[in-house]
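Structure, as structure tokens:
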Ligand SMILES: NC(=O)C1=CN([C@@H]2O[C@H](COP(=O)(O)OP(=O)(O)OC[C@H]3O[C@@H](n4cnc5c(N)ncnc54)[C@H](O)[C@@H]3O)[C@@H](O)[C@H]2O)C=CC1
Ligand SMILES: O=C(O)C(=O)[C@H](O)COP(=O)(O)O
């Protein structure tokens, strides 16, 4: 069996080599000719999986994307061809939530804004939105939840309409799928009109899909002097992004919010399990066996912690400003995709064991750190 896998997917050989012969491809430039003989295609978000790519791939029996987003896959076409399909829901939800938390603490430090008492609107309360909600539960930040789809399904009683949420909040973060039409369209959910109505000084974070915000309108607003702080991980027209927009952001990154080692590896593992199921094989490989020991894994805290200290602990594991610096310094010379490919290893908060005074244990644990439950 020939298994074609994106070159940016970790641990493919470890998980899949017992099932077939693994070959790698360049996800942005893969051709129909390259996939012609494959039985299995493992992709990430940058490959358009559609009839153009697969028309000649007559042996194809399984397509998997090691991502949460599925807007790059023509699922109707796969169904028509009777090709099994699997994505990796929730695989990097923790990573994206931690990206947002790192962003908030960095913003707090750099812009001298206390987070406690402020209001954060979470637009899209699915795997990522819920994870963020949980992690921030004891942060002192008031959360406003906006998810009309879940409200209609009756699974989110606290839903606040987007315009009301935007007018109440001090910060907004988007975690919706890209939906191009229909009642719950998310393409340009933050459009020119809504941008104009944003509060002075509002912090806008987007780590969902670039098209969720009208990038040109956002740039025009900033150029016209509207006071907004922008933290953007995703962009319209990746990899050819609007670089002028990058210049006016507080922090920017190259669509890496979900790129913790654990998040990416979990995606691979989920596809391995799905393929095993399709083939009727037993999935007996475990992710933990393949993850390296983290560089920093232990920390002892003895004193009362301020909000700044919480920020320092978060940034010990992941500081969004590292990624901001990498993008600004290297985008022009290296390009968006190369920066994504060379993304430095990033681990999740749970790789840090903290010994802390009792008063701080719950909040640290809620953020995602491991707590050593010592008596005081
Ligand atoms: N920047 C990055 O590296 C990453 C980006 N993503 C993006 O984040 C998106 C969300 O991920 P998950 O939370 O795991 O997906 P999910 O499917 O679990 O949750 C999405 C939520 O958005 C809600 N929603 C749909 N339309 C909406 C609207 N018009 N307004 C408000 N809410 C709406 C849905 O009801 C759902 O609860 C993915 O579809 C993907 O595009 C995901 C992982 C990494
Ligand atoms: O999971 C998603 O959806 C994402 O956006 C990925 O985390 C990032 O995309 P790729 O690394 O698959 O291009």
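Note: Cβ is positioned from N, Cα and C throughout, glycine not excepted.
Small disclaimer: the values here were computed from a predicted structure and weren't measured.
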- Note on the structure: From candidates 110, 170, 233, 288, TrEMBL puts in the same NAD(+) site as 147, 207, 208, 209, 258 the residue 233
- Note on the structure: Near ligand 1 by the Cβ criterion (under 6 Å), the recorded positions from 45, 208, 238, 258 are 208, 258
- Task: Scan 67, 207, 209 for recorded positions whose C-beta lands under 6 Å from an atom of ligand 2 and note them, or write none.
- Result: 67
- Query: How big is the gap, in Å, between the Cα of residue 209 (active site) and that of residue 255 (active site, proton donor), rounded to a whole number?
  - Reply: 9
- Neighbourhood of residue 238 (active site) by C-beta distance under 8 A, where only residues 6 or more apart in the same chain count: 46, 210, 255, 336
- Message: Counting only residues 6+ away in sequence within the same chain, which have a CB under 8 Å from the CB of residue 67 (substrate binding site)?
- Response: 44, 45, 87, 88, 91, 92, 258, 267
